[in-house]
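**Student:** I am attaching a structure below and will ask some questions about it afterwards.
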Amino acid sequence: MSGKLFIILLLLVTPGEARKSFLRFLNIQNPEMLSFTKPEETVIVRSSYEGKRPHSSYLLVKLEDPTVLQVVNVTKTSLDFTDFTINLKTFPGETNLTMQLWESEGRQTRLIEEITNIRVSVFRQTEDSLFQEPIHVNSSVFLLVLLMILLNKCAFGCKIELQVLQTVWKRPLPILLGAVTQFFLMPFCGFLLSQILGLSKAQAFGFVMTCTCPGGGGGYLFALLLEGDVTLAILMACTSTSLALIMMPVNSYLYSCLLGLAGVFHVPVLKIVSTLLFILTPVSIGIVIKHRMPKKAVCLERVVQPLSLTLMLVGVYLAFRMGLVFLRMANLEVFLLGLLVPVLGFSFGYSFAKVYLLPLPVCKTVAIESGMLNSFLALAIIQLSFPQSKAYEASVAPFTVAMCSSCEMLLLLLVYKAKKRPLLSTENEKAPLV
């Protein structure tokens, strides 16, 4: 029965359709997406089609928007293969093009192959371009910073007590509060405030994506420096990054529809997964060291604070260096929203934790994890989601939030340490002399 069915299906397919289905003659480097930056560009398409007569095939290029692309000419060269060279004039914007391979047989023409919906993005690198002034980092320095980050995360793992970890899992209220704040309240507030302040669609989406990002690596650093619950901070960071696998695509789709930008974005799930693994792996190694080699764990715990401060300063320096270009595009409304986003996260997290009468270290941690967002993950999503001409405008949001949240946390840390010092000196004076 199956053999007869297969023969019937073959009889229903004409030879021309069979050739078109199973044979591909045109070869282009990236048939889904082409990116251009120069006023004049060249695309080479290779054809492996051998016609009945030599030089009988030709390439036809159809443009969806002639204000973005214009075909100057198409030249053909034939050696072992046939190469079609398409010379184009480009203008900033986005469009689609279609390539058709035709064969002429006397007065008749026959379509051999067609490639449709080739996405083309054209942008210009101006003096405000991110790549105009690249940051040159020596490979040895980069490797040193990477090793410091891994060592720092491993040292944080050494500070985790399994008993505390089990307690947190049995009472997951702080994690739930952080998740609700990060993935529901913050994106909505980012969307609402961006509409109130009248930001462009690209900037509004940039703020929404920044607000829906999970807590960044700086959360448990400040939890340590502000005497919060470090174990809870690390657990919240891991949990929120895991939830982001679902919530970031959902929020991306929802708010892009509300902004009228549906169908434009691609959320890099692998980037989120790699971030999660980057947090989990060295932290897990630190937990193992804590219980297998407690003496070495004590040594690692001693370097947590100085190493964390060093990495924080390096991060602030790099953020300012990279963000200066983006900040030239920022206006007063963008700066205002960049200042408000972290404050809202801190306020929501701390208020919810206080309402449920959680201990003070837990309240601090929930507030920090709700306000310290992984803005650079939002930047990566924007760079992959937008055409380059719009990516710079949208990237203003995560850089502004990253720098504002870092400055606000540093200011809070200085105030906290300044208030704590008189209290310590007063306690020392009251202590009885032996």
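Glycine is no exception: its Cβ is also placed from the backbone N, Cα and C atoms.
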**Student:** Out of N73, N138, report back the residue that Swiss-Prot marks as N-linked glycosylation site.
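**Tutor:** Among N73, N138, the one Swiss-Prot marks as N-linked glycosylation site is N73.
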**Student:** On the same side of the membrane, L358 and E393, at least as Swiss-Prot annotates them?
**Tutor:** no
**Student:** Below 8 Å Cβ to Cβ and six or more residues apart, same chain only. Which residues does that give for N73 (N-linked glycosylation site)?
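**Tutor:** In sequence order, N87 meet the Cβ cut-off.
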**Student:** Need a quick answer: max count of Cβ pairs under 8 Å to the transmembrane segment (396-416), which of 173-193, 196-216, 233-255, 366-386 is it?
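**Tutor:** Ranking 173-193, 196-216, 233-255, 366-386 by Cβ pairs under 8 Å to the transmembrane segment (396-416) puts 366-386 first.
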**Student:** Quickly jot the same-chain residues contacting the topological domain 'Cytoplasmic' (290-306) by Cβ under 8 Å, restricted to those at least six beyond its ends, or write none.
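**Tutor:** For the topological domain 'Cytoplasmic' (290-306), the nonlocal Cβ contacts are 151-152, 154-160, 162, 224-225.
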**Student:** I'd like the number of other C-beta atoms within 10 A of the C-beta of N96 (N-linked glycosylation site), please.
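**Tutor:** By my count, 15.
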